[in-house]
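Positions annotated as ATP binding site by Swiss-Prot, on the basis of sequence analysis: GLY34, LYS35, THR36, GLY37, SER38, GLY39, LYS40, THR41. According to Swiss-Prot, the feature coiled coil maps to 178-214, 243-309, 337-503, 578-842, an assignment based on sequence analysis.
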Amino acid sequence: MRPIKLNLTNFGPFLNETIDFNNVENNQLFLISGKTGSGKTMIFDAIVFALFGEASTKDRKESDLRSHFAESKKPMVVEFEFKLRNQYFKIQRQGAFIKEGNKNKTLGQLAVYQYEQDDYALRESKINSGNQFIKALLGVNAEQFRQLFILPQGEFKRFLLSKSVEKQDILRTLFNSQRFEEIQKKLSDDVKEVREQIEKRYNDLENHWKELETFDDETLCEHKVISARQTNNIIKVLPDFKMKAQIIRDDFEQKKEILKNKVNSTENALNNNIKLEDALNKLNENQQKYEALLVNENEIQEKVKRVTEINEVRPITNLLEVKENTISKKGKVAQSIEEKSKSIFDLEDKIKQSNLEADNLKEKQDDIEELRRFIEQTQLFFEKANKYKDAYNNYQFTKTAFTDLEAHLTQKNEEIKDTTAKLNQRQPDYRKIEQITEAIYNLNNDIKQLKQNEKDKIEYDALEKRKMQKQRNLKDLSQKRVQLNEEYNNIDKSKLDLNNKQDVIATVQAALHTGETCPICGNEIHTLSSHVDFDEIMERHQQLTLLEEKIATVKGDIIKCESELSHIEEQLSKYTIASLENINYEALEDEVEKKYQEKKKIDEENNEIEKLKDQLQQYEKSSHDLQMNIQKKEHILKENETAINDFENTTGYKRVDEFLTKFEDAYNQIRQFDQTLNEIEQKIQNYKSTLAIEKNSVTYLKNNLAEIETEINETDMKINEEMQRIGFTSIEQVEKVTAQASEKQNLEKEIETFKKEKQSYELYIAQLKAETNNKKLDDTQQLKERFEEMQQVYETASTELSQHDYKMEFNSKKITEINKIIDELNSELQSQQEVFQLAEILAGKNEQKLTLENYVLIYYLERILTQANQRLAIMTGQRYQLTRRAQISQGYSGLEIDVFDAHSNQSRHITSLSGGETFQASLALALGLSEIVQQESGGISLDSMFVDEGFGTLDQETLETALDTLLSLKSTGRMVGIISHVSELKQRIPLILEVTTEQYQSTTHFKKQ
């Protein structure tokens, strides 16, 4: 990704600023320079905010990015154009903020555009989908982008020197290695769960095995001694439990069947005898009851006759009851007519009185209407009474505050005038500072060179002295070598090959005899005596060996001396006589001191000007704030005056409390009047409605009374006709028979009961005679005792069989469970063995004692170090390489970094590096980490990079090393920006993005040197 253009609106110190990165040519290094606090880092905050809605550091929130001097109703907006893989994109992101006068926050906005067909086309317009689009486009999240795009070297120095645990936190964030820890934890949890499950199965198996019933069988009891964990042996003996149980059950079943037949036979005999005895007893009892019932038969016949007479007189009785009810109804209707007539008279009198009350009340109608108009006109003022109270109360206070603010504004304007006069249009002369700094830099370089010449002169003289000494040593060694060669050549070298052959010759002599053929030469042996002096040969051999060693030593010394002379000559060739003689630097040091004094004087003047400008800026801001407050107070005064005038003109009152009292009194009078009038009118209406109802009721009752009299006459006629039909001559006869009507129901019930009992006895006696005919009765007690005895024996046998069946069923379930558990155990143990081993390895139980996550982090760290060493080797002349310290310990080990020194051919602690060397190692590590993160995040190509480092803390030598290192970054093919305010960097970097602060805002511009 390569930045093209960045537009900032109300962002940090930039109110309306555009940075065009097209001013930076391809692969060009440029410097971002400016005073402390001018907003250099805010440029990268803006880029990260545009892409991810966050700042370039975690410590800053989105609300901290908005300019404090932005207009309250204008948003903070960042527009960022960039190039990615030969395509152009533009992002517009607006931050959330609260407009002046609003309580709710105005939400942020996001728009993502892609350049197509000579114009930008909208791709996303919603924040969530837009963020996902950008993340997918870049292939990295905000944290990874910070590591790739901005390299804060101080952070990487801490990363370089940190312990394994600290590196682990950083690397796991960048490479999302928590997933490996989760995999390890998930696997460990699964293994733990499986092991717990297996142990639970063994416990269940042991419980089932212990609970298995042995039926007191000796063989089964011996089987139960087997341990529950010997699953193979248990499987072998389980069939014995089933077989033994079935044999015992067959015996119990046979015994029970025999006893069952005996019990059934005894029970049948007992039941038949009991039935016969009961039938005979019931036959005798029912015959006695039947004879007693027949004694009352004549009395029942008399009651039948009386019921017949009562049934004939029933119609006349009904007619008499109807007549009596009708006469009673007639009396009630006459009484109701009298009551209704009295109620009508009372209602007419009440209506007259209510009309008089209404007329008296309406005489006050005009006064009430006047009050009603007052209420309507002043209703709004009553509802907002607090507003007008506040207007009266605040008017004088606001007027006093307004006068005070005007006085303060006059005073502040005088201060602005005085400060402007002191400033006298002066501006800080930073250009002069840069020129002096450049001159000091050049003078220091010259002094450094002269001092180096002085050191070189000393080293040159030492080398010349050392050269002469080595030449003398070489001459002496050459003479010694000639002397040793002469001694070596003078020694007799004949028969030296027989040295160490004395034992062999003696062995051959012992095996041969005079006159035999020699096995070596084939001639006849004449004598076996020794004719070789082995001691003399050994002495000469030792002398030659000693001389050879001395010659080799002298030769090695000559080669070493010649090599050292060659090295000295090579070192001497680096020096020039002219530079060695130029070592006078005292005058230049005096000149540097003068330049420092001149720079100090200009710095003091610049600081004074900056202080006056800052003071003027504060005065102007205070003046602006006072003007805004005066306008606000003036607006409040006008609002209060308008409110007071409206109140007094409309209500006629100058005190709000008096108006409120008047308004509430008028309102209560109107409400009381309306309520009383409504009550009277409603009462009149109710009286009239009731009166109409009562008159209708009287008319209805009179008609009903006439109908009742007609009904009484018709009933009398029907009674006379019915008496003539029956033969009664007087009402007394009818009443006498009617008096007996209450007995009718009881008489009929007695008659019906007699008939049913008689018929029931006759049927039951006939049935019992049929059952007992020709049957013999035995002793029931003896039969019962025999049955109970057989029943008890049978129940005992049944209980024994049931108990055995239960035990068999219990054993069957247990055996099924045991087989199931053993099958599951065998399956789990076979399938989980490799998983158990894998879990232990991933948890750190391995040769390296590393967890899975730390193993992965070591892999990433080694890749980072490999990438970093490619640059570090170039930076340090192939001297240093970063290496991972190999060690074995439980936990997060193996992430410490050592440095390998090629000069000493061994590794040493990273803290042993000098400041400049540490800077080079940190920078190489930062670049290596950046490139590996790119590879892991999908191979995104970031064509630009920014290095943010406090170069002002470095000494001169380390700064030179840093500059050389940073200048070499152009070869990586990236646009590289360096953030710093160190003046020396301006002399080495030709393109500068200058960030200038003016009062409360900053501006930027590119300049070339």
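Cβ coordinates are placed from backbone N, Cα and C, and glycine is handled just like the others.
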Six or more residues beyond either end and a Cβ under 8 Å away: which residues meet both conditions relative to the coiled coil (178-214)?
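Contacts with the coiled coil (178-214): 172, 220-221, 223-224, 228-229, 231, 234, 241, 245, 807, 810-811, 814-815, 817-818, 821-822, 824-825, 828-829, 832, 835-836, 838-839, 842-843, 851-853, 856.
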For a quick check of understanding: among the binding-site residues LYS35, LYS40, which residue's Cβ has the most other Cβ atoms within 10 Å?
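Buried the deepest by this measure is LYS40.
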Report the mean pLDDT of the predicted model across the coiled coil (178-214), rounded to a whole number.
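Average per-residue pLDDT within the coiled coil (178-214): 79.
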Check LYS40 (ATP binding site) against DSSP and tell me helix, strand or coil, would you?
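Note: LYS40 (ATP binding site) is helical by DSSP.
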Counting only other Cβ atoms and using a 10 Å cut-off, which of the binding-site residues GLY34, GLY37, GLY39 scores lowest?
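Least crowded of the binding-site residues GLY34, GLY37, GLY39, by Cβ count within 10 Å, is GLY37.
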Among the binding-site residues listed here (THR36, SER38, THR41), identify the one with the smallest other-Cβ count within 10 Å.
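Output over binding-site residues THR36, SER38, THR41: least Cβ neighbours within 10 Å is THR36.
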